[in-house]
Amino acid sequence: MPGPCQQAPYLHFAELTASQFLDIWKHYDSDGNGYIEGKELENFFQELESARKGAGESKNSNFAEKMKEFMQKYDKNADGKIEMAELAQILPTEENFLLCFRQHVGSSAEFMEAWRKYDTDRSGYIEANELKGFLSDLLKKANRPYDEPKLQEYTQTILRMFDMNGDGKLGLSEMSRLLPVQENFLLKFQGMKLASEEFNAIFAFYDKDGSGFIDENELDALLKDLYEKNKKEMNIQHLTSYRKNIMNLSDGGKLYRKELEIVLCNEPPM
């Protein structure tokens, strides 16, 4: 666990590589829960101030106020802790690697589209070679020059950051942390009892092609949002199984309003 005399390496660097960024993250996220918070956050802020000024700084009456200003600037979701994407904005991370933390999709429909695109072997996971393809496309899209060793370093670093269970690949929940949705549409609706206008809004939102029914791909997006709204752990196997059960209610793979009403009002995912 980091102590006041054991400053993390690299804090004074002008630019951090991907692996150096990860070393700093692991140094301060001492309990490995995916956040820098509490005492970890105090240590990080104090040592960052010290590194930037080139001299140690003891806690004084201004410490709490300075830290408050710091959090107002960088804690974008105001949850009182620092996550990886926020740390990447604080530290002078190399620009190409920083791109990996700036990716968002507008909806779970876009997320599931990306998932299907990069899970090329349909294993239900994004494996290292598939993640490498995702990062390569990301850099190409941004017109960023890169070489193979750098791409390999980014891939391995991202994998070590987001692979929470250490199985060497990214599941659905892990990938959704790397590629977050800007807004879960279902969070607008609290509870499972919906007024008719609320239900109509949900149906219209997920019926992306305006066909008048929800198909399997559109249902995947809705179920992902439903799992996250209910704070349920999800993986592609759960999603697929639940989708199949729901599609048993459908008319030849077409989920109309009545069937969707049964799903939303009576069957929260387990």
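Note that Cβ sites are derived from N, Cα and C of the backbone, with glycine treated the same way.
What TrEMBL says about this one:
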- 16-51: domain 'EF-hand' (DOMAIN)
- 62-97: domain 'EF-hand' (DOMAIN)
- 106-141: domain 'EF-hand' (DOMAIN)
- 150-185: domain 'EF-hand' (DOMAIN)
- 194-229: domain 'EF-hand' (DOMAIN)
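Here the domain 'EF-hand' (194-229) does not touch the domain 'EF-hand' (16-51). Their Cβ atoms form fewer than 3 pairs under 8 Å, with each pair 6 or more residues apart. In terms of DSSP helix, strand and coil, the domain 'EF-hand' (62-97) has 22 helix, 2 strand, 12 coil. Within the same chain, residues 11, 13-18, 21, 24-25, 34-38, 41-42, 44-46, 48-49, 139, 144, 146, 150, 154, 157, 161 sit at least 6 positions outside the domain 'EF-hand' (62-97) and bring their C-beta atoms closer than 8 Å to a C-beta of that stretch. For the domain 'EF-hand' (62-97), the model gives a mean pLDDT of 85. Using a Cβ-Cβ cut-off under 8 Å and counting only residues 6 or more beyond its ends in the same chain, the domain 'EF-hand' (106-141) has close neighbours at 96, 99-100, 151-152, 154-156, 158-159, 167-172, 175-176, 179, 181-185, 206, 208, 217-218, 220-222, 224-225, 235-237, 240. With DSSP states grouped into helix (H, G, I), strand (E, B) and coil, the domain 'EF-hand' (16-51) comes out at 24 helix, 2 strand, 10 coil.
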